[in-house]
Amino acid sequence: MNALHFGAGNIGRGFIGKLLADSGVFVTFADINQTQIDQINQNKQYGVKIVGDASRVEVVKNIAAINSKDEEAVIEQVKSVELITTAVGPNVLGFIAPLFAKALAARLEAGNTQPLNIIACENMVRGTSFFKAKIFENLTASQQAEIEKFVGFVDSAVDRIVPPAELNEADPLEVTVEEFSEWIVDKTQFKGQIPDIKGMELTDNLMAFVERKLFTLNTGHLISAYLGKQAGVKWIKEAIAIDSVKAAVKATMEESGAVLIKRYNFDPQAHAAYIEKILKRFANPYLNDDVNRVGREPIRKLSPNDRLIKPLLGTLEYGLPHKNLVNGVVMALQYRNEEDPQAVELAQFIADNGVAAAVEKYTGLTNQEVIDQVVALYN
């Protein structure tokens, strides 16, 4: 089986690309980093350093790479592969959608009606459905109808912490990852036979898993980063080692967890164990996870479907406590990082228009009581 994977960054190489290659799939990476592309094509392999209680290096083979700016190369791949995955970041999906539309149209014209499945592996809710909508903006109604027949747009939830690591001179493509990984896909959205990929779990209730991960791992990770930054530490593992930080992170995940328990009938004890597992992952002594990396892009993280506002809206829906989630929103608004364009934009907007206007603009919150709480805590 042949797959095209967009994004040869740490997640692409250390998570999705690895799972595909481990299952005997030939993976062609598409990326804009020509140095990395050349390294993949020359070395035809790279190491994945898995760090934890039993650290080891596993080698990924059966790979090639193309430059995603080379439209012809991308189109040729899309015309023939059976699976396409992405790990490019939510913001990039919209940029590559016109090229995907052109490539899928070319596949149609070439007469290839074999099933093709596309899975966006991004930190967002129903990322593939979003990607599909962006692709379809560039296609005619008749093209859309034809593509619907043989292309599956499969939503997924992905979870693996893959922080940047020191360059290994002997293997510049080597990537460091934690032991834990979770890739859950919506089995109802595939076209044709579902590919047999070790480590890819199937479900018909994806939103429960998407929100479990978003409301727990992502929410907790972000709170750890903000509190760690306030405490003056560099790494997430240092932040979570501070008792008051760990307590606040856990309390926030418990607030968002109460929404999940109510919404999806999760077992409270099982969810409490899931929270403990995540706290242990944050404390992994082998992972150098920078608080600025985790805290970056506050505008995206304050959006209505993301890790702070979505669980907060859930607490309002069910009449549940949300003190810690509100604190999280305040910390996101207070996040300052001169090297992060979103942080700069947010700070400037607050300076020009005030906190209440920023809350309304970026979060979509309409509950006046909560907006007032945020403003009071910010000032």
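Just so you know, glycine gets a Cβ as well, placed from its N, Cα and C.
The NAD(+) binding site annotation in Swiss-Prot covers ALA3, LEU4, HIS5, PHE6, GLY7, ALA8, GLY9, ASN10, ILE11, GLY12, ARG13, GLY14. According to DSSP, ARG13 (NAD(+) binding site) sits within a helical segment.
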For ARG13 (NAD(+) binding site), what residues in its own chain, 6 or more apart in sequence, show a Cβ-Cβ distance under 8 Å?
PHE29, TYR46, VAL48, VAL60, LEU173, VAL175
With every protein chain in view, how many other Cβ atoms are within 10 Å of the Cβ of ALA3 (NAD(+) binding site)?
24
Which one of the binding-site residues (GLY7, GLY9) has its C-beta surrounded by the most other C-beta atoms within 10 angstroms?
GLY7
Non-local Cβ contacts of HIS5 (NAD(+) binding site) (under 8 Å, 6 or more apart, same chain)?
GLY12, ILE16, GLY17, LEU20, VAL27, THR28, PHE29, ALA30, ILE84, THR85, THR86, ALA87
